[in-house]
Amino acid sequence: MSANALYQPSEAFVKNANVSGMAAYEALCKEAETDYQGYWGRLAKELITWKTPFTKVLDESNAPFFKWFEDGTLNVSYNCLDRNIEKGLGDKTAIIFEADGGEVTKVTYSQLLAKTCQYANALKSLGIKKGDRVVIYISMSIEGVAAMQACARIGATHSVVFGGFSAQSLRDRIEDTGAVAVITADNQVRGGKLLPLKSIVDEAIALGGCEAIKNVLVVKRSGADIAMTAGRDLWMADVADQQATTCEPEWVGAEHPLFLLYTSGSTGKPKGVQHSTGGYLLHAALTTKWTFDLKADDVFWCTADIGWVTGHTYITYGPLALGGTEIVFEGVPTYPDAGRFWKMIQDHKVSIFYTAPTAIRSLIKAAEANDAVHPKSYNLSSLRLLGSVGEPINPAAWEWYHQHVGGSRCPIVDTFWQTETGGHMITPLPGVTPMVPGSCTLPFPGIQAAIVSETGDDMPNGQGGILVVKRPWPSMIRNIWGDPERFKKSYYPEDFKGKYYLAGDGAIRDEKTGYFTITGRIDDVLNVSGHRMGTMEIESALVSCTELVAEAAVVGRPDDTTGEAICAFVVLKRALPNTDEGKAIAKQLRDHIAKEIGPIAKPKDIRFGENLPKTRSGKIMRRLLRSLAKGEEITQDISTLENPAILGQLGQAY
Ligand code: WT7
């Protein structure tokens, strides 16, 4: 089929789907349009068990600080665990955990509740209470999910920091949240390698600014020797094992902050995206039900890490809120070989599989080079639905995923959303939407996505523009932790008359179908392998290497595997290096960035020049840098360049 062909979901799929057929989708959209509050209120009653019911759905009086279901009270962990057990699912498997080395551990809903309660009681025994922040720095594990659920149970706000972030990044987040405790593990294991966690927490705290931390709770993963600071550090087992396996949930208001999750913006330090309890849980459950069509006998696998929002919504909360069975995977897709995902789908009879385009692209390469790791060498007949997230999926990767992983029978949901949106915003519904490779198709029912001009006016279909959401929705970001001004400026800027949520992406709608295609960020945010990074953050990390770097500019360039690649242009304090020196300095700079931010922020290309190309007023010519990064011919006007020779210098990438 050609790249813009429509793929219809099969009749059998449509027949059994949780949302079945275009008419059902249109009816939901219509319901939302005619009675916005009634629509969300109805769903909030259907999907969530409230301790005290809400009397008002949406409060817009202090826009853009919207409030949803404000006077309702609930507990997320009650909704994810106890409630399912009360429905008779106590012995149902909640999580199938597969370790890096392949060992499998399963926990039932009753067992996960018992562990969550012990963790919750452990936190309480240390004086941690509702409203306190707890940082979680742990790899993929049942314990990680239980730690998040335990925080939710006692009303503590968690902030999970991805295990690949450096001590410096972890420190920044601990400080910004004012967390009173960190939950971590001695080590993490990825791709057969033992990597540190606890020692990085020690380093982070030693950097200063983490004075609010009273305790570090350490889950035993490897059992390797680690340092424990007396009076501060405790083994989780020593505190939790003796605790009761029941714990009365703390009933919190719907607007209580369930979690903070840091993400990159175009300027400044990463921002602490604050999410709510009620509205967030509603959308987590609803999108899992409608976009993933989750049913009682499904085995659901979202390959994201709990350190990212995808892992929050589609591992820790959504599937559990619906009583589903899910996979939690500790390892990496390429260990022990690039057939790992396919083998796990076969072994656990996974029926719904959700991953990122970057993973698909790297597995395509591996499969094309070696039949043994090609999906055709595995039995993937259990699959009935596939998903994609994090970045645009190129049509070729879509087609391969559809044909070779989905056996040409599974719909693919290309889900567009963001850390800030809490859950899916624009996505096919698998029993509804004819699919077009590379398009995230249509808004989720009730989401008022639109494309506008720079002044906030609607753009006709067929003309690209700026992606906005016209009305608030339940799972939207509530604030940037501690910085309401930045929240307003970033998401409800004056340019759009302060009315619309600004996603930060460009998009275009198809003239015929009205389908959305995301055209990429309109700010200085890069998306590398689905990881979001600000160019400024990387520039700051580079210039913080004060002994070497005088000035730096970072841009993105397209990359076949990672979507975008980081390209850094650096002016050194010393003379221009020769090739060998250049290699050594580039390595030094990459190591420095890994220390400042984390290995995911290492530039793919580093280029050196005696200066950076600037306009007469001294502004760095970023468009020119982007052309250089792509290896394009320079068509921009360079007559203002003081020293055109630097273009030659900047041509060599290390
Ligand atoms: C940015 C958000 C959503 C959870 C993971 C990433 C890009 C995300 C898609 C998609 C095209 C996508 C956007 C967005 N993005 N999904 N299906 N098609 N682009 O969350 O780190 O907050 O990044 O990822 O640019 O703004 P995030």
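Backbone N, Cα and C define each Cβ position, glycine as well.
TrEMBL annotations: computationally assigned, not manually curated.
Here TrEMBL flags R190, G191, G192, K193, T310, S529 as CoA binding site. The ATP binding site annotation in TrEMBL covers G390, E391, P392, D414, T415, F416, W417, Q418, T419, D505, R521, R532. According to TrEMBL, the feature Mg(2+) binding site maps to V543, V549. The domain 'Acetyl-coenzyme A synthetase N-terminal' annotation in TrEMBL covers 25-80. According to TrEMBL, the feature domain 'AMP-dependent synthetase/ligase' maps to 89-473. Annotation source TrEMBL lists domain 'AMP-binding enzyme C-terminal' at 537-619. The annotation N6-acetyllysine is assigned in TrEMBL to K619.
Feature map: annotations from TrEMBL on the structure.
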residue	record	DSSP (3 states)
R190	CoA binding site	strand
T310	CoA binding site	helix
P392	ATP binding site	coil
W417	ATP binding site	coil
R521	ATP binding site	strand
V549	Mg(2+) binding site	strand
Helix, strand and coil counts within the domain 'AMP-binding enzyme C-terminal' (537-619) (DSSP): 28 helix, 26 strand, 29 coil
Using Cα positions only, nearest of the binding-site residues to P392 (ATP binding site) (R190, S529, V549): S529
Where the C-beta lies under 6 angstroms from ligand 1, the matching binding-site residues among G191, G192, K193, V543, V549: none
For R190 (CoA binding site): intrachain residues, at least 6 apart, with Cβ closer than 8 Å: D100, S139, E330, G331, V332, Y335
Other C-beta atoms that fall within 10 angstroms of the C-beta of G191 (CoA binding site): 13
Rounded Cα-Cα span from K193 (CoA binding site) to G390 (ATP binding site), Å: 26
In the chain carrying G192 (CoA binding site), residues 6 or more apart in sequence that have Cβ under 8 angstroms from it: D100, G101, Y335, P336
Pairwise CA distance, W417 (ATP binding site) versus T310 (CoA binding site), rounded so that it is a whole Å: 9
R521 (ATP binding site) to the residue listed as 'N6-acetyllysine' - Cα separation in whole Å: 21
Which of T310, T415, T419, all binding-site residues, has a Cβ with the fewest other Cβ atoms inside 10 Å: T419
